[in-house]
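Accompanying notes for the structure given below.
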Amino acid sequence: MTGTDIEQVLPPAYELKEPEPEHCPGPESENAGKGNACTGCANQSVCESLPKGPDPDIPAIVENLSNIKHKILVLSGKGGVGKSTFTTLLSWALSTDEDLQVGAMDLDICGPSLPHMLGCSDETVHESSTGWTPVYVADNLATISIQFMLPEDDSAIIWRGSKKNSLIKKFLKDVDWDQLDYLIVDTPPGTSDEHISISKYMKESGIDGALVVTTPQEVALLDVRKEIDFCRKAGIRVLGLVENMSGFVCPNCKGESQIFKPTTGGGKALCEELGIRFLGSVPLDPRIGRSSDQGESFLDTHPDSPASTAVLEVVEALRDEVGDF
Ligand code: ADP
């Protein structure tokens with residue numbers, strides 16, 4: 001499937017004439033075109049004409065996800081804290097258990113990185129009578145990403161909310177995962193269109209919850225608070241927090257340093273304050289970046305490293321939190 005195909009496969013999205021104004025009820029909401037903010041808005045006629053009522057795609061989504069035991073969203077307040085890296089590590093770690101079937105969905109539509117990190121960026125998605133076949137990285141690990149559909153590796157995706165929503169729905173209702181024990185969904189940083197849409201579309205299918213990734217500095221933690229507030233408002237359970245790039249052990253002198261200093265107590269203190277589970281911390285290890293860049297599993301290439309041990313401990317805690325033991 002190529003980039004041109006993806007444009008054709010997605011249903012025509014509506015085009016807003018200008019960005020949604022403040023207090024916009026949402027072009028797809030019941031009150032679209034009828035709210036106070038709609039009067040005089042250039043989009044009013046577009047919004048009024050959009051179909052109202054229950055979303056007709058939800059039953060198909062529920063049906064397609066009905067054979068997936070655990071559905072986990074991976075969130076972060078900021079970009080660059082290691083969310084996609086951790087999604088990849090989590091997927092590799094779960095799939096080392098041969099009894100588990102694992103799917104990794106890349107919902108970072110404008111900045112997809114899972115295919116590269118999972119070492120399968122040259123693959124494409126095939127369409128069959130049962131839907132889109134995800135790309136298999138191992139017998140029990142499959143992934144889906146818009147990256148597989150781009151005409152060129154570095155083609156930019158410049159889509160407004162409605163087009164993104166069409167793709168998210170497509171990923172949810174048409175990807176043929178077969179049976180999965182875990183579907184791990186990597187999201188873009190922050191609380192944007194993709195987060196609102198995925199939580200809305202998956203609500204009836206049941207989301208186990210969200211795993212939040214942060215680094216120890218206060219600027220990252222400030223955004224984590226917003227992420228957790230989003231989860232509460234969207235009715236998504238917070239499964240716990242992972243502190244990534246937490247400390248660095250020099251491979252030469254074995255001296256430990258805190259590169260990103262937890263000036264306010266770091267992720268652990270935040271978890272205590274907010275009453276959420278601290279799932280563990282993963283140290284900064286340059287070899288994690290190298291393995292990601294080469295599309296290899298760091299857990300395979302450096303199984304005895306403190307970082308691998310730390311990742312596996314977080315995964316155990318997460319499996320415990322979703323009641324998988
Ligand atoms: P995000 O998804 O939050 O934007 P990424 O997963 O893309 O962040 O990670 C950003 C960069 O940090 C990448 O280059 C990645 O290899 C690196 N990185 C992530 N976690 C670690 C870690 N624990 N040790 C060393 N480098 C890391």
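Indices start at 1 and increase along the chain as displayed.
Cβ atoms are placed via backbone N, Cα and C, with glycine included.
Database features (TrEMBL):
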- Cys24, Cys38, Cys41, Cys47: [4Fe-4S] cluster 1 binding site (BINDING)
- Gly77, Lys78, Gly79, Gly80, Val81, Gly82, Lys83, Ser84: ATP binding site (BINDING)
- Cys250, Cys253: [4Fe-4S] cluster 2 binding site (BINDING)
- 15-25: compositional bias 'Basic and acidic residues' (COMPBIAS)
- 1-33: region 'Disordered' (REGION)
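Shown on the structure are the features that TrEMBL records.
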residue : record                          : contacts (Cβ under 8 Å, 6+ apart)
Cys38   : [4Fe-4S] cluster 1 binding site : Cys24, Pro25, Asn31, Ala32, Gln44, Cys47
Cys41   : [4Fe-4S] cluster 1 binding site : Glu18, Pro21, Cys24, Cys47
Gly77   : ATP binding site                : Pro189, Gly190, Val212, Thr214, Ala220, Leu221, Leu222, Asp223, Val224, Arg225, Lys226, Glu227
Lys78   : ATP binding site                : Pro189, Gly190, Thr214, Thr215, Val219, Ala220, Asp223
Gly79   : ATP binding site                : Gly111, Pro188, Pro189, Gly190
Val81   : ATP binding site                : Pro189, Val213, Thr214, Thr215, Ala220, Asn244, Met245
Gly82   : ATP binding site                : Ser76, Val213, Thr215, Asn244, Met245, Val282
Lys83   : ATP binding site                : Val74, Leu75, Ser76, Asp186, Thr187, Pro189, Val213
Ser84   : ATP binding site                : Asp106, Asp108, Ser113, Leu114, Met117, Asp186
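Counted within 10 Å of its Cβ, the other Cβ atoms near Cys253 ([4Fe-4S] cluster 2 binding site) come to 7, all protein chains included.
Taking a Cβ cut-off of under 6 Å from any atom of ligand 1, the binding-site residues Cys38, Cys47, Gly77, Lys78, Val81, Ser84 reduce to Val81, Ser84. Cβ atoms within 8 Å of the centroid of the Cβ atoms of Gly77, Lys78, Gly79, Gly80, Val81, Gly82, Lys83, Ser84 (the ATP site) belong to the same-chain residues Ser76, Pro189, Val213, Thr214, Thr215, Ala220, site residues excluded.
Those residues of the chain, other than Cys24, Cys38, Cys41, Cys47, with a C-beta within 8 angstroms of the mean position of the [4Fe-4S] cluster 1 site C-beta atoms are Glu20, Pro21, Pro25, Pro27, Ala32, Gly33, Gly35, Ala37, Asn43, Gln44. Each of the binding-site residues Cys24, Cys250 was scored by how many other Cβ atoms lie within 10 Å of its Cβ, and the smallest score goes to Cys250. Taken residue by residue, the compositional bias 'Basic and acidic residues' (15-25) breaks down under DSSP into 0 helix, 0 strand, 11 coil. The Cβ of Gly80 (ATP binding site) has 12 other Cβ atoms within 10 Å, all protein chains considered.
Recorded residues Cys253 ([4Fe-4S] cluster 2 binding site) and Gly80 (ATP binding site) have their alpha carbons 27 Å apart, per Cα-Cα distance.
For the pair formed by Cys250 ([4Fe-4S] cluster 2 binding site) and Gly80 (ATP binding site), distance between Cα atoms is given as 22 Å, rounded to the nearest Å.
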